[in-house]
Amino acid sequence: MPRVYIGSLRELNHNDNVEIYGWLQDLKLLKNVSFLIMRDRTGTVQVTFKNTPDIVNLLKELPRESVLKISGKINKKSVSKSGLEVSGESVEVLNRSERPLPLPVIDPVQADLETRLNNRFIDLRKRDVSSIFNAESSILWGIREFLHSQGFIEVHTPKIVAAATEGGADLFPVKYFENDAYLNQSPQLYKEILMSSGFEKVFEVGPAFRAEEHNTTRHLNEFTSIDIEMSFADHNDAMRILENAVKSGIENMINENGKDLQENGINISIPEIPFPRITYKECIKLLEKEGLEFQFGNDFSPEELRIIGRNFKDFYFITEWPSSLRPFYTMPNRDDPTITNSFDLQYREVEVTSGAQRVHDPDLLLKRFNEKKLNIDSFKFYIQAFKYGMPPHAGWGLGLERLTMIVLGLNNIRETTLFPRDRTRIIP
């Protein structure tokens with residue numbers, strides 16, 4: 001008999017034979033009957049056994065979280081809360097759990113995050129925890145489908161590189177045979193090379209690595225980056241793609257996971273597009289109205305972003321950032337080269353992602369290298385692609401974990417990461 005997922009039991013008829021597999025979440029042995037709560041990735045169901053000597057002997061010493069195979073019949077006349085249960089006929093123990101559990105799965109005992117991450121394998125069995133990753137998967141799938149619908153193709157670029165994408169020192173070194181190499185911060189350089197190759201619209205979903213010694217609730221040293229690059233486009237085109245991608249991801253998450261999220265007290269609405277736009281200089285004026293002094297060329301502090309974010313419902317763009325705050329590949333504004341054709345997507349005070357129109361002229365690119373005091377020799381493979389017909393192009397990179405954290409209203413990015421890598425954690 002083929003396995004039936006618990007979430008599909010309602011599609012069957014009363015008295016249909018079923019075979020379910022999963023974890024024993026809870027167990028109650030009464031005088032004449034035993035009640036089991038079985039769980040698989042799709043949900044839970046109550047299983048009822050009439051007590052026989054064999055059943056009682058098997059169940060009375062069976063620990064929670066043991067893995068079972070149960071055969072029985074659908075009972076749609078059940079008085080259980082769900083109105084459906086399985087009348088058990090046989091049970092096979094596939095794997096017996098040890099006692100005690102390192103973490104409770106259903107008991108209302110709240111472990112701290114460090115303890116949970118140290119025992120992540122069992123923490124992920126909790127419905128409120130696993131629902132985060134179901135939601136994250138749906139967000140990513142919605143974004144992927146949208147990008148495919150817009151003519152983007154998915155690509156995969158190297159994660160072991162010889163040069164820093166951003167030109168900085170925040171890199172993890174690795175030994176690559178006889179050469180020094182690094183884990184890539186971003187697929188930026190390779191995305192741009194593909195514009196020269198004529199691919200025109202590409203996106204990538206993959207790991208990115210930042211050797212930054214921060215230890216905050218919003219940063220990871222390894223994260224999943226969703227990156228796009230598009231030819232014959234500017235920063236405005238990139239913003240339109242980004243806001244629609246974010247909306248599509250949230251929309252798909254609500255369609256696929258809305259019920260589970262509501263059961264966990266998370267209510268989400270689809271954001272309205274277009275997202276509001278405000279320039280960097282307009283942000284300075286907002287701060288000055290609050291009596292704050294701010295110098296052009298400085299980055300905004302968390303407190304300053306909180307003040308700016310109070311003017312917006314949720315998502316908004318800050319545009320036209322100073323050239324001094326942007327990487328070498330960012331296109332300066334034609335009318336005012338002290339600012340750039342760039343943007344940050346914000347959610348209130350939290351930065352979601354950055355993007356820009358890129359430099360496509362090789363002479364301007366070399367000028368930007370010199371302004372940033374970068375070693376041109378390290379980027380020869382990249383510069384070469386600009387000499388033989390590089391089209392105007394733009395793009396962005398979006399951290400999946402941070403987006404999920406923001407959308408679900410969570411307080412720590414580690415909640416949206418299966419096995420976080422931060423300043424102190426490389427296990428498990």
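Note: Cβ is positioned from N, Cα and C throughout, glycine not excepted.
Binding site for ATP per Swiss-Prot: Arg210, Ala211, Glu212, Arg218, His219, Leu220, Gly399, Leu400, Glu401, Arg402, plus Glu351 from the candidate set Glu263, Glu272, Glu351. Per Swiss-Prot, the range carrying the annotation region 'Aspartate' out of 16-19, 120-123, 188-191 is 188-191.
Mean pLDDT for the region 'Aspartate' (188-191) in this predicted model: 97. Farthest C-alpha pair in the ATP-binding residues Arg210, Ala211, Glu212, Arg218, His219, Leu220, Glu351, Gly399, Leu400, Glu401, Arg402: 19 Å apart. Distance from the CA of Arg210 (L-aspartate binding site) to the CA of Lys81 (site 'Important for tRNA discrimination') is 49 Å.
Of all the Cβ atoms in the protein chains shown, 17 others lie within 10 Å of the Cβ of Glu351 (ATP binding site). Around the Cβ of Arg402 (ATP binding site), the number of neighbouring Cβ atoms within 10 Å comes to 22.
Spatially close to His219 (ATP binding site) yet at least six residues away along the chain are Arg210, Glu212, Ile413, Asp422, judged by Cβ distances under 8 angstroms. DSSP classifies Glu351 (ATP binding site) as strand under the three-state reduction.
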